Every structure is written in C-alpha cells, then in structure tokens.
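Trainee: Here it is, the structure, as structure tokens.
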Amino acid sequence: MRAPGAPLPRPRAPRRGRAAAAGRARAVTAVALLDYVAAASDDGVLRLPPRTELDPDEIRSVFGYPRKLHENYFIGRVIGAGSFGTVREGTEALTGRRYAIKTVSKIPKRGPPTPRYLLKLRAEVEVMAQLGVSLNAVHLQDVYEDDSNIHMVMELCEGGALLERVEARAYSEAYIAGLVRSILRFIAQCHAKGIVYRDVKPDNFLFLTKEEDSPLKATDFGLSIRHSADEPKLTSRSGTPAYMSPELVMQCYDEKADIWSVGMLGYQLLTGRFPFWEDVRNETLSDVWKAVLSQEIDWDAPELRALSPAAVALLQRLLQRNPLLRPSAAEALDDLWLAEGGAASDAPLKGSVVARLQRFATYSHLKQLVLRMITEDMRRRGGGATSLAAALQDLFSEYDADASGSISFDELASGLQRQGYEVNESEVRQLMDRMDVDHNGNVEGDEFVAALIDWGQIMQTQEWSAYVDAAFSRLDVDGDGFIELEELTQRLPADFLEGNDAERLAEAKRMLREADANGDGRISRAEFSALLRETVAPDSLSLYDSRLRVHASPAA
C-alpha cells in the first residue's frame, strides 16, 4: 500500500459529459411541501399556502433586505453562472475590497414565484449567514434585494474549485487527508447547528487563494435545510446523484446522508474514480441509483491497494450503507487518518482563540446578544462562573495593546499574528464583526469574554438558571412571559445597523425566527432556554480550524 506521503492519481470529474450523465453537477431536487415554513412575524405573502402563485408586484420588497447594492458596490465581470443564478465580481465603493456577488431571481425559471420558493431563498441566505462566519465556509458579507432579485455579497475565492486543483497534478495522501478534514469540519459545523447540507460535491468547495496551502471553503447553501433529530426524516430527494446516500435515494434520511457523500468525495479524491463506476458519465440516473442501493463496494479493488490501510478504513466507515453504522462528522474527525495536524478538543486557551471565535460566530445573532447580556450579569454577580471568565482577562489585556479597554481591528489582527495564527485580513474582519455584538467598531471586555468562554461549562454552574431568568426578564419588557417583536427591537443596540429603522426591524424579525420554535410570533421562556442550550449536536473546538496547524506537503 502507498505510504501517506506518496502521490495519488488525478481524479476524473463527473461534471462534464452528455446531458443524461448521472454525475453532472446540476443537482436533482424533488419537491416537498413542508420543508420551508413561514413564521408568524413574516410578511403576508410568505404566510400564504406554499403553492400560491404570486404576482411579481407582491414580492418587490418581500425580504426586507437593503436595496443599496449599486450605491455600495461597483459590479464587474461575470465569474460564474448556472441554474442558481449569476456570480459577478464586485468592488466595495468605500474600501476597494473585492467580493463575489451572487444574484438569484425571486422568480423561478419555471412558473411564477410562490411562498415556498421565496422561503427557500431566504433559508439559503440565513444558513450561509450563520455558517459562513466559520473559516471553513465562504463568508457572507452583505445581502441586498431589488424588485426582482436578491444579491449575496460573498468572500471572493480565487483559488478555483476543489477538483480543478486536484486534477491538475498528483498530490500526496497526507494533503488529501487535510482536504477531507476541512470538508468534515464544515459538515460537523452544519450538523452541530441542526443543518443538513445535502450537496457535498467538488464544485461546492473552493480554494481561497492559488497558494498551495490555501484554505478550502464550502459554498452554495441552496439545498441546505434545518432538521433536528426529533423531527420526522427528510423526504426531499436533493443533491447530486453520484454523491447521494442510499437512504436519500429512498427519500427517508437525516444528517448521516452528508457523511456518505463525504465518503464518496473522499474516495474520488484518493483514487481518481467512484467506487461503483469507472466513469459515471456513462451511467443512466437509474443505474446510478441502483448501484448506490445494492452494489457492493470492492474493498480489494486495485485503486485501493495503493492507499494506506488507515485511509481505506476511514472510507469503509463513511460508506456504510446503514446510516446507523456511519460515524457522525464529529466522530469521523477523530479518525486516526485525519488526526495528524488536527486541532485537539482540549487545546490550551491561547492555542484555541481562532477556533473559539468561529464557534461563537456561528451562534445566531439573538443568542450572541443574550450571551453578551449574561456575561455582563455574570461579572457583576460573581460566583462560581466568574472564575471561568477570570482567565480571559489576562488574554484580553494582551490584545488590548493601548490599554483603552477595548480591542480594535488592528489590535486583534496583530495579536492573532503574534500568537502564530494564520488568518488573512478579510477573515479577521469577519470574526471581528461577529464578536462586536453591539456593532460599535471595537470589542469590549464583555464581548471578548462572551466569544471565548466555554459556555458548556457555564451552563453546568449553579448560577446558570438565574442568568437565563435575568436575561429573559430584561427582554420581556412588559413582563407578560413572552418576548415580542417590539420588545426585541427596543433592545437592539442604539447604533445597530446605523440606526436604520427598517433594517433594525428586519433584523429583529430574523432574531425572533431564530427562537420562535412554534411559529406564534413571540418567544416563550421555554423557547428562550432552548435557544441558549449549547447546540443541536456536540460543538467541540475540534470541529473548527485552529489555524495553528502545520500544513501537509502537497506533493510527494
């Protein structure tokens, strides 16, 4: 078997070929009636029956996003296009920074707009806004709308798609292991937040730069859907056929479907082909699904003999037909083949700052706001939880170079660099933006503590219930036992979104949806407590890139 440092064959892409090719990049999506649901706080047209045909005049400002795209960005050349819409390069007028701007029509290509279609678009934006603050995903900078379209301003990735790079030359097994680790980290982050990604494939992972050690970032959240373990299985057949799991083909699945897809992609990256087909472009859709459902994988195949035993063992775990026998994404990250260079879950505080910032950044805006409030209360009250925050004060002082009592962008960037973190300017900015809960341009002590402290430990202290009760009471202004939209809007920081009333209201509605589990347009005490519980699934630091890693050599 090949040693981990030896070069691997170049994978063949399933993207190109005749229109009937089952492995084409275009995703297949079967319709489900109840997968996207409106909230009580939504505008009227979104609350209509899912299949209601809407007039274009009814959807001009349906999402409440800002409408100043062309005032804030210069729009340049087309850099991508497909069934999803068009991606153009854009330059921010104020700063000169370059971004990718994805434009998606509010009117589908076939038929009139419907509430379900619009809710699906909004779900893509909201999932990307939540997960795109991790350094394993493309960052969503801004969202705009006009009468006919929404525009997502995203981090510009110039290093090309995953398979384009891996096809271009032979890479070592150790290098491929780093790519699979990055993909699994992203999937684990999705699952920790109750999101099934549903479209793991090479086209959806981009390199940030053309450098050999460039970070790999996930993009395209159009098929992602929120789903928790206590809900019925998903039934929408969504994804790219060659990467679909058996249970997804059978239309009865959960987040474990993503694990199978990672296994298929990993097999492709390591061997240059899929386990069932020499060239999937020669297969019909029916044949692809038949193989996925019933054909046994030949684990003695010639292409696997060249791999290390550890690599084959991981593929066998990921490609278990029975989803109950597959590991979770977090469990797969502990696999021996992926362990080298991986971030340990019990990393020392100074060695885990970037991982901690990413974890906090993926929390919802409302949860971040409430945790900031609890941090203030915790430091004021004292008690057992306070000792957990004390260790962060010295670290805060190290970053607060001018002893002003707050950390500026430059101080955060230089502090991370001093401590050996590998993050570029745009990545520091996206982490800073989420840590700066009150949006005043600096990070105060309470914000710093809220972002870095281990909230799982705080929740185990005797004081936790009192902190939650106090925070709920501060937001429940009229004391009726519910947090309503007006109360939430009042509690947003005064300069939040530059004081723009319409945008503040739209953000308050988004926050309300984050916690309003039963869709009645208000947040009960039980829903509030559920929001603050750590995550849907374990959310350890090992799920996030530490950026202290030693890069694997790309070539043999």
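Including glycine, each Cβ sits where the backbone N, Cα and C put it.
Annotations in TrEMBL come from automatic prediction, not curation.
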Trainee: Looking at the candidate ranges 1-21, 85-105, 400-420, 505-525, report the one that TrEMBL labels region 'Disordered'.
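Mentor: It is 1-21 that TrEMBL describes as region 'Disordered'.
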Trainee: Validating a neighbour-count step here. Other CB atoms within 10 A of the CB of Lys102 (ATP binding site): how many?
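Mentor: Taking every protein chain into account, the count is 27.
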Trainee: Grab the same-chain neighbours of the domain 'EF-hand' (463-498) for me: Cβ-Cβ under 8 Å, and only residues 6 or more beyond its ends, written as numbers and ranges.
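Mentor: For the domain 'EF-hand' (463-498), the nonlocal Cβ contacts are 41, 366, 369-370, 373-374, 377-378, 381, 383-385, 437-440, 504-505, 507-509, 511-512, 515, 521-525, 528-529, 532.
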Trainee: Could you give me three numbers for the domain 'EF-hand' (463-498), the DSSP helix, strand and coil residue counts?
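Mentor: Counting residues per DSSP class in the domain 'EF-hand' (463-498), I get 22 helix, 3 strand, 11 coil.
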